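According to TrEMBL, the protein carries these features:
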BINDING   A:Arg204, A:229-230, A:243-247, A:260-267, A:Asn281  FAD binding site
DOMAIN    A:3-184  domain 'Electron transfer flavoprotein alpha/beta-subunit N-terminal'
Amino acid sequence: MSVLLLAEVNNGHLVVDAVAKALSALAPLGDGIDVLVMVGEGDSAARQAARLDGVRRVLLAQGDMLAHGLAEPAAALIASLAAGYTHIAAPATACFRNILPRAAALLDVMVITDVIAIRDAATFDRPVYAGNAVQTVVSDDPIRLLTIRTSVFHAVGEEKGEAAPIEAVPTVPDPQLSTWVEDSTVVSERPELTSARVVVSGGRGVGSRERFGDIVKLADRIGAAVGASRAAVDLGYAPNDWQVGQTGKVVAPDLYFAVGISGAIQHLAGMKDSRVIVAINKDADAPIFRVADYALVGDLFSIVPELTAKL
Amino acid sequence: MKILVPVKRVIDYNVKVRVRMDGSGVDLANVRMSLNPFDEIAVEEAVRLKERGIASEVIVVSIGVAQARDVLRTALAMGADRAILIEATVDVNHDIEPLAVAKILARIVRQESPDLVIAGKQAIDNDMNATGQMLAGLLGWGQATFASALQIVDGNAIVTREVDGGLQTIRVRLPAVMTADLRLNEPRYVSLPNIMKAKKKPLEEHALASLGIDASPRLKVVRTVEPPQRGAGARVASVDELIEKLKNEAGVI
């Protein structure tokens, strides 16, 4: 087995949690994983990757066209490196959901997305139907391209000994099909949603953007990330990158607070692997209570401030 | 300009999915099927471009069983001009893989020469999120995935994309493939008169065999099971009891 892992990079820095979790997911495939770091410039992400457990070597590709995660140059580069590998994997982030299927088409192989278990070199589990079923698939392709649902894996640690070697790889010509214009990033001091240990999410029941402030206060009090249901995002209570669900982010924290969230299947698809789920809702029949470990039926406008004060 | 919109017939998103006990798949017999919600958004965007005079023709394509005619008629009732159905299987349980769908779509694109393909971000049955990207790769076109806003300016698509941590805007040279995210628009309801009109719009049908494309699956689905169920939870009566349980029983705070 020879595995290439594509590293998630944000502003030139390695997204360590996503990469470390993908490394542990891939560990059953063999004894040494190459990590490809694609950046505009600089080698700090590569140096961070080189220290993670299980990394054999780091391939560093630098170039302006790789700075913003554009799919066309990245997929072309990945396809050019594929010959030496049996598996190419990436965390199932927005960046690689965009790139990897394109690379698969260039290589004439299928892509296997959102893998939650690697059974052997050819056999993988993935959720379908918004997480209401789990399929086991066997791939006949000569090279397997996977995205890993990192929320279900533990992160590997840092290597105690020597860091893995870093090698520069030549880039391929930019196909110049698309150009980056701008990013509008939501600045946040809070933990990142997909890697937070505790998540506090609000839904339609929160009632207004102002009152969503109570959810944020509770989260900040306990050092949690803030999430939201689709309804809360559509109503303008919360920005859309807070959305948890089939079409938003998939999280699996130790503790998930669902406040004023009814629990539609599309939302459950994004959080039902959390270790402990607490639901606070005034409707005793809300479907969220079917997955909640602790259910508190009542008025969230009095419960949330009380919880914030007492925690 | 001409717009092509691939659409898929999937289990309705409100239906509670039942997994067959023998592990052979999901029960699709006598289950309500609909147009994939993301594809509805893609059709809506194409029709709006036509209404604004930017698009001249909107063609919808579906690949699968003959019953997919129904979702094509829905798309025509929303305002698409004509439809193409590629009958690729007679078995509703046989999901054609994104790679095969992308190859079939690439053939149709070469015949119809659209300036823009607008697909949904993912189908809510296989949750793959791959077909649009694969099609762009096969065609050698630019791609703009997870789009929440679109402008056409001087032969380019200016697309705002939903990415982790916020939004990203890119400029893609046309022709290109775009995939629609939920916030791109709110699809219209189809009216009865438009449903009647849609029955008169052209719908071409072709058998997959006539295209000579190898659509055999690369992934063999060996088993489909229900996800592990969570144990029944406990009702707590007060905030104090909740905190006590989270501390002493669950040990998470």
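Each residue, glycine too, has its Cβ placed from N, Cα and C.
Please treat TrEMBL annotations as automatic predictions, because they have not gone through curation.
Sequence features, as recorded in TrEMBL, placed on the structure.
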residue	record	Cβ contacts under 8 Å, 6 or more apart
A:Arg204	FAD binding site	A:Ser229, A:Ala231, A:Ala232, A:Leu235, A:Gly260, A:Ile261, A:Ser262
A:Gln243	FAD binding site	A:Gly227, A:Ala228, A:Ser229, A:Arg230, A:Val233, A:Lys249, A:Gly270
A:Gln246	FAD binding site	A:Ala130, A:Gly131, A:Ile265, A:Gln266, A:His267, A:Ala269, A:Gly270
A:Ala264	FAD binding site	A:Ser229, A:Arg230, A:Pro287
Near-B candidates in A:Gln243, A:Gln246, A:Ala264, A:His267, the binding-site residues, by Cβ under 8 Å: A:Gln246
DSSP three-state assignment (helix, strand or coil) for A:His267 (FAD binding site): helix
Surrounding CB atoms that lie within 10 Å of the CB of A:His267 (FAD binding site), all protein chains: 28
Structural state of A:Ile261 (FAD binding site), classified by DSSP into three states: coil
All-chain count of other Cβ atoms within 10 Å of A:Ile261 (FAD binding site): 31
Secondary structure at A:Arg204 (FAD binding site), reduced by DSSP to three states: helix
Secondary-structure category, per DSSP, in which A:Gln246 (FAD binding site) falls: coil
